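Copied over from Swiss-Prot:
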- 1-22: topological domain 'Virion surface' (TOPO_DOM)
- 23-43: transmembrane segment (TRANSMEM)
- TRP41: site 'Seems to be involved in pH gating' (SITE)
- 44-97: topological domain 'Intravirion' (TOPO_DOM)
- 61-80: region 'Disordered' (REGION)
- SER64: phosphoserine (MOD_RES)
Amino acid sequence: MSLLTEVETPTRNGWECKCSDSSDPLVIAASIIGILHLILWILDRLFFKFIYRRLKYGLKRGPSTEGVPESMREEYRQEQQNAVDVDDGHFVNIELE
């Protein structure tokens, strides 16, 4: 029997020894952190455009609108929306002919 064959075929007891200690608090904590990391990564990839727009524009508070006429408020809202819409410039659109 070659050394390679012995390495490739671990005994059943060997696997049981490695897996039987899964009640260790460190293993449980690492598993929970790994699962949470995976979930957050998936959500980030699905909603990254929305999330980063909100962080860039949505959390900024504008000037107070107290005492400002409604027409000026609407104009300000429109300017803010246009600023958000223009931010799509770093995405590449490829059109095939």
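Each residue, glycine too, has its Cβ placed from N, Cα and C.
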| task | Would you mind pulling the DSSP three-state label for TRP41 (site 'Seems to be involved in pH gating')? | result | helix
| message | Need one number: mean pLDDT over the topological domain 'Intravirion' (44-97). | response | 70
| Other CB atoms, at most 10 A from the CB of TRP41 (site 'Seems to be involved in pH gating') | 10
